[in-house]
């Protein structure tokens with residue numbers, strides 16, 4: 001029962017969709033286990049870009065099953081739009097399966113997300129205003145509406161009416177905002193549920209049956225370890241658990257059935273929104289990396305903050321997600337730089353060096369990155385297909401990253417295309 005988990009090891013946008021798409025060729029089932037349509041991944045097939053937010057990357061393989069697990073919060077409207085977008089581009093969603101236990105994002109979640117963020121003033125977290133956080137809040141408070149509830153007209157009506165009464169009081173009294181109308185939401189979202197009904201099932205059964213039958217299952221994470229609500233840069237995090245441990249909760253598959261964990265990272269670092277970022281660059285080098293790497297959010301369109309590769313962050317990701325392999329992306333973006341840097345440790349203001357990532361943001365603010373500087377390379381490496389074809393400086397950079405993180409590099413990428421992802425070691429054993 002081979003199974004592989006793909007996790008982002010930084011602050012998201014590491015190229016998980018690309019690696020998941022690449023690994024999907026040897027998988028038979030591909031599953032999302034957390035997050036919602038706040039995450040975006042771009043996949044390039046035959047030079048054409050596809051941007052997905054909810055549907056797993058495996059949807060491009062019609063013979064494979066694509067699963068949206070119970071740990072995902074689903075915006076039915078967004079999901080239907082994504083299915084239509086794929087259909088317009090000749091991609092069928094017939095192989096899609098949606099967990100009946102997944103929770104639903106409703107208009108009051110998005111409205112509350114916006115109002116809460118606005119109320120924070122200059123202390124905003126940088127949410128995508130997709131309603132993700134409020135949906136997970138309702139789930140934890142045991143008042144959420146699940147896909148199974150959405151499909152049952154009587155249950156959906158009862159729970160929506162109850163929830164909307166509470167939310168509307170909050171909108172009016174706490175935020176001085178207009179209430180939402182019940183009938184409009186009820187009719188619209190019940191119809192969405194009926195459109196999605198043919199995809200809905202108990203996905204835990206599908207996943208476990210597949211694994212028990214010896215089929216290869218790929219679990220696709222959203223965001224990254226540093227955005228994990230427990231292990232990330234709290235409170236500048238998402239509302240779910242992107243770490244590998246989130247798979248068991250968000251898919252209904254036990255931990256004994258997980259074989260390998262592939263951490264995906266870029267050869268540099270990026271993040272969207274507010275929060276600590278020790279190696280962030282504000283100079284011309286940072287601007288060059290952003291423009292060459294097209295570092296703008298798939299979901300928000302916001303320019304991403306960029307910085308040097310941080311091995312302190314990566315070792316944290318290795319530890320809390322149990323990484324067995326590493327996929328190193330976007331090495332080509334660093335081409336043309338005279339020198340490249342890797343953060344190897346942090347230094348406190350008192351001169352003490354630390355090699356772990358602090359939980360306290362105050363402690364983190366007192367730290368400065370300690371860099372190891374390596375020679376850069378000027379060559380265009382986008383057509384390189386083996387490690388040996390890379391210029392010596394690029395080859396040394398890749399090796400040094402593996403040494404500092406302490407994880408075997410199984411693939412390296414020199415561009416966005418499938419053909420630009422190069423295998424050093426198969427995680428499937430094939």
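The backbone N, Cα and C atoms fix where each Cβ goes, glycine too.
Pulled from Swiss-Prot, these are the features on record:
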type     : residues                                                : note
BINDING  : 12-18, 40-42, 304, 330-332, 413-415                     : GTP binding site
BINDING  : 13, 40                                                  : Mg(2+) binding site
BINDING  : 13, 14, 15, 16, 38, 39, 40, 41, 128, 142, 223, 238, 302 : IMP binding site
ACT_SITE : 13                                                      : active site, proton acceptor
ACT_SITE : 41                                                      : active site, proton donor
BINDING  : 298, 299, 300, 301, 302, 303, 304                       : substrate binding site
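Within its own chain, residue 300 (substrate binding site) has 128, 272 as residues 6 or more apart in sequence whose C-beta sits under 8 angstroms from its own. Using Cα positions, the member of the binding-site residues 15, 18, 40, 414 nearest to residue 302 (IMP binding site) is identified as 40.
Restricting the binding-site residues 18, 223, 303, 304, 331, 414 to those with a CA within 10 Å of the CA of residue 40 (Mg(2+) binding site) leaves 223, listed by sequence position. For residue 42 (GTP binding site) paired with residue 301 (substrate binding site), the C-alpha to C-alpha distance reads 13 Å. The binding-site residues under consideration are 128, 223. Their Cβ neighbour counts within 10 Å are lowest for 128. Considering only the binding-site residues 13, 15, 303, 331, 414, the residue whose Cα is spatially closest to the Cα of residue 38 (IMP binding site) is 13. Distance from the CA of residue 223 (IMP binding site) to the CA of residue 13 (Mg(2+) binding site) is 7 Å.
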